[in-house]
Amino acid sequence: MGNTATKFRKALINGDEGLACQLYESNPQFKEALEPNASYGEPYQHNTPLHYASRHAMTRLIRSFLFCKDGNPNKCNVHNETALHLLCMGPQILLGEGALQPRFSRPQEDQQKRAECLQMILQWTGAKLDQGEYERANVNATDNKKSTCLHYAAAAGMKNCVELLVKNAADLFVENEDRETPCDCAEKQHHKDLALSLESQMVFSQVPGAQEIEAEYAALDRREPYEGLKLQDLRRLKDMLIVETADMLQAPLFTAEALLRAHDWDREKLLEDWMSNAEECCQRSGVQMPTPPPSGYNAWDTLPSPRTPRTTRSSVTSPDEISLLSPTDGLALCGICMSSISVFEDPVDMSCGHEFCRACWEGFLNLKIQEGEAHNIFCPAYDCFQLVPVEVIESVVSREMDKRYLQFDIKAFVDNNPAIHWCPVARCERAVRLTRPGPGASDPLSFPLLKAPAVDCGKGHLFCWECLGDAHEPCDCETWKMWLQKVSEMKPEELAGVSEAYEDAANCLWLLSNSKPCANCKSPIQKNEGCNHMQCAKCKYDFCWICLEEWKKHSSSTGGYYRCTRYEVIQQVEEQSKEMTVEAEKKHKSFQELDRFMHYYTRYKNHEHSYQLEERLLKTAKEKMEQLSKAFIGRDGAPPDTTFIEDGVHELLKTRRILKCSYPYSFFLEPKSTKKEIFELMQTDLEMVTEDLAQKVNRPYLRTPRHKIISATYLVQQKRREFLASVARGVAPNDSPEAPRRSFAGGTWDWEYLGFASPEEYSEFQYRRRHRQRRRGDLLRLHSLRSNTPEPHDSSDATAGTALPETQHMNEPLNDTHTHSEICALGSLDEDDPNILLAIQLSLQESGLALDPEPQDSDASVGASGSSLPSRLDSVPQTSDPPRASMSSSELLELGDSLMRLGDISSRYTPFNINSYPDALGTAFSPSDPDCLDPSTNANLLGNIMAWFHDMNPQSIALIPSSASDAGNETHALGEPAKAEQTEAESAEMESKEGEVSECVEDAKTEASDLTVCPESSADPQHQIVEKLTLRGHKISSGGLRRNVFSLGRRWKGFSCITK
């Protein structure tokens, strides 16, 4: 039993099919006990009998193992190989593993046997799976090298096995560990026919959604904004333009052609001149004004109809020309040779009426054509500028001369048409027409064009539209010239070691900036802590870190360990260090510029080299298309569409050329700008999709399905157009400099926002404010406010900052003490702050105060609304009588000074207002007098000031009763007149200040006699003012706002503002 098994195993290993079959069939007991799925163990790499039978293609044993012994072809050995792997390897691959030498002499027979065994394995069905299907041989199983059975079959060149595997859904695109597909394996082993067959099946493989992708790509408009034209296309384009123009103008073809030629073949320009003055337009073009065609003439021609007999002479012949008739027979004479024109000669009619014999016509036209003046041939008569129609030229000259005339005519058509250029390549007779989209064009091709777009004549000749040189988009011609000049100056072929030199210069600069050399061995030393006594770790030299001199020269007299007082030596060392640093910086900057240039130049050359390599694909693309068509036609019966290969190569070359020229464009962009960042992002995106398409197309054998190549081509085309359109639009707007931030509260206003005509005027205004003369009493007032403020007497004043109820009296007499908050506010008072003055002026403008003391009707304070200051300024009603309150800056300043002085005195001694003082005439202003009191004006003033403060500062403002009212315990209504009792000391002090108060009131009344500042009125002023002010918020924290509001509130009869 054991001997039979051993002999059978050896026969299987050696590939002796006859001996193995004899042992297997002759011993029924051994046959019954044999397990084809049992492994022979680790010494035999865990191969099974089925593995060895498949390796040597033993047909009878494989059939018996699969269908009689329940053999499983999916069983793997130690290399993760199944029976299919070993079967498809072939004798070339298994040469060192058995007696396969005789099979080389019979390769066809061996391939046939392996195909039969493969077919049996593919027909095998195993156990029933969970999904209701039966287990089958896995044709896509991979071994340790990630190779499938199709890889081995393709490498062995077994065409029949490959076809069977492909029919059974073998994966054509799977790659092994060497990133090779089955097609690559066949090509590597020089099985070209098999590789071409696999390539065609890979390219034209159908997957779900592939047809939709191809149909979508076919429906796309892949036209470019230019069109290559042949000579026939140029003639057809010219004829169509003439016919369409003649139809629009209702003119003969010859007239329409002459008009177009005179207007550079621009129909829009012609129509504009035609609509302006048609007769003058025809006169400048050398043609007569078209008239309705007479009977017997064609509508679109100038030649007479064949049905109409020819007249003896033109009806428009002048009297002078009538004398040229022959006196004998009445025949016309030729105006050139003076010979009689025979009646049997074909007529040459001109609209001008001049007649010449046919021989003279032919000689004249031949001479003009030979001279190259084919587009402007006038009548040969003296001082006649009538153009000769094309029909006349074609009917007179010979056929050869007519062809030459047509060539000159087409050349003149192209030369005079700014939308058409000839191809600059030698011996190329093609032209290019460029279509520039107009503004708001709805055509899908109406993306913006570059200044110097690249065009193609149709033969692959790319050139710049502007300079007719090599195509260089997205660069314009000037940028391209600058780049070429830069390359010639830098000589990059001589800059091989720029990167290394740049790194050395950067290291040298860092060492000079962060270290010092040893005074003995010049080794760089970096100090991070400690005293000035340094010891070189290399040469053990002791020196001073400051002056780099020997440490022996230092002692306590030179500053000790942490100072060095040797001035001359230190200065010398610093100068040397500075010179070395400056030199290193220059060197580093120079190498930095060189390194930057090499960065762009290297990538420029890389794309240029790739373009040269991929340009060869144009020659092989057509051959590849024919080969794929022939290889795939046997299966489908109809040749497939292979134009996608050529389209992909063309798109790849276009994009590669743009990427090549994009680096010169990026080189001249402003460094670290938004435009450059966006441009480089788009450039990187375009490079990624271009390289992906290159990997799919630039291969000896394509390994990508057609729909994926089509999708990649379309994606590259879309990215390319977006890239060029973005560059044409400017990529991104230029980076604008940061605008100066305006400061409002507590600071200065911009001159334009304040209404000044220029910054100089605003500066002059500020200068006048700072240097104005002080009035009598100002210095005393400021001195008393800032220096002589008495201290609080008791602790009860510390609570003066708390808010009181609205019903508390605000008109109690003031004592000589102030709360701490009032003292701080008065001490920080800044009378030069222009913000408070601006607020007063705006309030006066809105109030509309007049010169006369009569009250004016005004609405509630717009300052209480939530609108901003500019909107409130715009909402001021325009009246026919402008208000007097719009005072100048100097008047407003003087008024502010007077109010401040008046407010300081009045707020400290008595709750009065300026209307309670006598004016210059001795009359007194009473608050209850309707002729001089406007409560809405006062409320509007304070409301606008509070609204302005709220707009300038996000925090809020709280107005509370002043601390002066804290001393009183009685409660009075806010709107009642002030009737507080004064002590004798207060009366005496009041009398001493009466002169100063009168002077302040007089100044204020002189500058603004119509100003009333009185919050007290009979119309419940407490309710009005508090309601208006509480709408604006509750507190502020800015120092400037606190000073302004406090200074105004302090003078506003019993109100003050404090910081909470």
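Each Cβ is built from the backbone N, Cα and C atoms, and glycine gets one as well.
A C-beta separation below 8 Å, combined with a sequence spacing of at least six in one chain, links Cys334 (Zn(2+) 1 binding site) to Ser340, Ile341, Glu355, Phe356, Cys357, Cys360. Residues or ranges marked as Zn(2+) 1 binding site in Swiss-Prot (evidence: sequence analysis): Cys334, Cys337, Cys357, Cys360.
For Cys384 (Zn(2+) 2 binding site), other Cβ atoms within 10 Å of its Cβ number 14. Cys384 (Zn(2+) 2 binding site) falls within neither a helix nor a strand when secondary structure is assigned with DSSP, and so counts as coil. The feature Zn(2+) 2 binding site is assigned by Swiss-Prot to Cys352, His354, Cys379, Cys384.
Per Swiss-Prot, Zn(2+) 3 binding site is recorded for Cys464, Cys467, His472, Cys477, and the stated evidence type is sequence analysis. Residue density at Cys464 (Zn(2+) 3 binding site): 23 other Cβ atoms are found within 10 A of its Cβ, drawing on all protein chains shown.
Following the DSSP three-state reduction, the secondary structure of Cys518 (Zn(2+) 4 binding site) is coil. Contacts of Cys518 (Zn(2+) 4 binding site) defined by a Cβ separation under 8 A and a same-chain sequence distance of 6+ are given as Pro524, Ile525, Cys536, Lys538, Cys539, Tyr541, Phe543, in order along the sequence. Marked as Zn(2+) 4 binding site by Swiss-Prot on the basis of sequence analysis: Cys518, Cys521, Cys536, Cys539.
When secondary structure is read from DSSP and collapsed to three states, His554 (Zn(2+) 5 binding site) falls in the coil class. Long-range neighbours of His554 (Zn(2+) 5 binding site) (same chain, six or more residues apart, CB within less than 8 Å of its CB): Asn532, His533, Cys544, Cys564. For Cys544, Cys547, His554, Cys564, the entry in Swiss-Prot reads Zn(2+) 5 binding site, with the evidence type sequence analysis.
Taking the coiled coil (603-632) as a whole, pLDDT averages 86 in the prediction. Residues or ranges marked as coiled coil in Swiss-Prot (evidence: sequence analysis): 603-632.
The compositional bias 'Low complexity' feature in Swiss-Prot is assigned to 304-319 (among others).
The compositional bias 'Low complexity' annotation in Swiss-Prot covers 858-868 (among others).
Among the features that Swiss-Prot reports, domain 'UIM' is placed at 831-850, with the record citing sequence analysis.
The region 'Disordered' annotation in Swiss-Prot covers 284-322 (among others).
Annotated region 'Disordered' per Swiss-Prot: 779-801 (among others), in sequence order.
If you look up Swiss-Prot, you'll see 850-889 (among others) marked as region 'Disordered'.
The region 'Disordered' feature in Swiss-Prot is assigned to 965-997 (among others).
The list of residues near the repeat 'ANK 1' (45-75) in space but at least 6 beyond its ends in sequence, with Cβ under 8 angstroms from a Cβ of it, reads 8-9, 12-13, 15, 17, 20-21, 24, 34-39, 81-84, 86-87, 89, 94, 97-98, 100, 110, 113-114, 116-117, 120-121, 124, 126, 135, 137-138, 141. The repeat 'ANK 1' feature in Swiss-Prot is assigned to 45-75.
Annotated repeat 'ANK 2' per Swiss-Prot: 145-174, in sequence order.
According to Swiss-Prot, the feature zinc finger maps to 334-384 (among others), an assignment based on sequence analysis.
Within its own chain, the coiled coil (603-632) is flanked in space by residues 196-197, 199-201, 203-204, 460, 639-640, 642-643, 645-646, 649-650, 652-653, 656-657, 659-661, 663-664, 694, 697-698, 702, which lie at least six positions past its ends and keep a Cβ under 8 Å from the stretch. Excluding the listed site residues Cys464, Cys467, His472, Cys477, the same chain places Ala452, Trp465, Glu466, Leu468, Gly469, Asp470, Ala471, Cys475, Asp476, Trp480 with Cβ atoms within 8 Å of the centre of the Zn(2+) 3 site Cβ atoms. Put simply, Cys547 (Zn(2+) 5 binding site) is 16 Å from Cys521 (Zn(2+) 4 binding site) when counted between their Cα atoms.
The binding-site residues under consideration are Cys352, Cys547. Their Cβ neighbour counts within 10 Å are lowest for Cys352. The shortest Cα-Cα distance from Cys379 (Zn(2+) 2 binding site) to any of the binding-site residues (Cys464, Cys467, Cys477) is found for Cys467. Within the group of binding-site residues (Cys357, Cys477, Cys521, Cys536, Cys539), the Cβ with the highest number of other Cβ atoms inside 10 Å belongs to Cys357. Assigned with DSSP, the residues of the zinc finger (402-477) fall into helix, strand and coil as follows: 15 helix, 13 strand, 48 coil. Around the Cβ of Cys337 (Zn(2+) 1 binding site), a 10 Å sphere holds 13 further Cβ atoms from the protein chains shown. Comparing the binding-site residues His354, His472 by how many other C-beta atoms lie within 10 angstroms of each C-beta, the top residue is His472.
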